[in-house]
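Asker: If you look up TrEMBL, you'll see 48-58 marked as compositional bias 'Polar residues'. Here TrEMBL flags 81-120, 128-230 as domain 'Tr-type G'. The feature domain 'Translation elongation factor EFTu-like' is assigned by TrEMBL to 275-342. The domain 'GTP-eEF1A C-terminal' feature in TrEMBL is assigned to 354-450. Look at TrEMBL and you will find 42-69 tagged as region 'Disordered'.
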Amino acid sequence: AWDDGAANGNDVTSSFTNLNIGAKPFVPNINAAVFVPGKKAEPAENFPESQEQAPDTNSMEEEQVVPVPQASLPEELSSKEEHINVVFIGHVDAGKSTIGGQIMYLTGMVDKRTLEKYEREAKEKNRETWYGASQADVAVLVISARRGEFETGFERGGQTREHAMLAKTAGVQHLIVLINKMDDSTVKWSEERYKECKEKLIPFLKKVGFNPKKDIHFMPCSGLTGANLKKSDYDNHPWYTGLPLIPYLDNLPTLTRSGDGPLRLPIVDKYKDMGVIVLGKVESGSVYKGQMLVMQPNRRKVKVLGIQSDEVETELAIAGENVKVRVDSIEEEEISKGFVLCTPDNLCSTGQLFDAQIAIIEYKSIICAGYSAILHIHTCIEEVVIKQLICLLDRKTGEKKKTRFVKQDQTVIARLQTQGPVCIESFKTFPQMGRFTLRDEGRTIAIGKVLKVL
């Protein structure tokens, strides 16, 4: 897996051979679907930022981290329910929007007339309705079981592969694979077709980094009829006795979160409404009303005047929650997507120059120093240039060697420079702030992790 470091990641880059990725980039959005199981969050450990400045390639692959003392949470936080952020991914026409609409209808979030209105608006907007990979804890990969559609989505040029890979790179902890359109006339709830799709997907998902036994769960469904989304339909699928989607989400184990760690709240959007409102997901720590914070990278001090979580006013929010935060002492024009709210005593690191380990997924030519691309890291999108190729890394043997270029299916340690200052952390300090993708001409060129900020 990519997160497991070089020792266990020998299959990562090889799994992307011959991909033709043309999907649009994931754009984080505060409107990602949110489920709220009645379980409490369990804080995870956070780690100090690396202070190294030189390209010491011997230590660049290290994933081992040393825990540091953490600040204690306010007593009220223990009563907060855990939020789970869910992103729907998959090839075009697999049924993502239909399933999302059914879930909203079945859970009483919208009535039938409102749902039809949303469907009309979605069609007018080219159905670009589901975003939020960088904010997601759980990804629902929607697969069409219809004859021909599954094959189109999974083969070269399909979005199934890239979406699964980007979800893993974005830090998704659990993947639910919905084999959709089981009611189609070419499928008719066939157990054989369900198993066929499942058996083709497992090897690829395993190579991406998901553990089939712990990280992946398969289930059949029909987004059109709602079968197996909220309630089981055993008349159609006596061969599947597992939980439907919504009960399964409710019964997921408590996620590991950085509740006691320093605050990190990447900004995904901002607007004016009786002041300045910023939107984002609390990746680590907590934020409360009246708190004094710093907006990085411009180091503007702000005060929290109010917080909304799930459109409800609240006194505080913890890791995992999508929030709207009203702040003062700053103008809307001074805030950009990718800025990060943090506490004055533990600032998010910022910079333009950093070393990273990069796996080249697809690029027809060679890449040399001077190559430029678009960096996507947490909610930030910025132009970046490869300033130096430090060494090639053989992920099977761990061997390093100097190089003047890198090509598809190779892994390289490189020094990169962004056009302007960005909020960025080393991967081992804050994984959420240290994973990134490089895109060029609408394609994902590479995935990477930050080794150190210079």
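Glycine residues also receive a Cβ, built from the backbone N, Cα and C atoms like all the rest.
Whatever TrEMBL says is automated annotation, not expert-curated.
These numbers come from a predicted model, not from an experiment.
How buried are the listed features, and what sits near them?
Answerer: Helix, strand and coil counts under DSSP for the domain 'Translation elongation factor EFTu-like' (275-342) come to 3 helix, 40 strand, 25 coil.
In the predicted structure, the domain 'GTP-eEF1A C-terminal' (354-450) carries a mean pLDDT of 89.
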Asker: List the helix, strand and coil residue totals of the domain 'Tr-type G' (128-230) as derived from DSSP.
Answerer: 38 helix, 19 strand, 46 coil
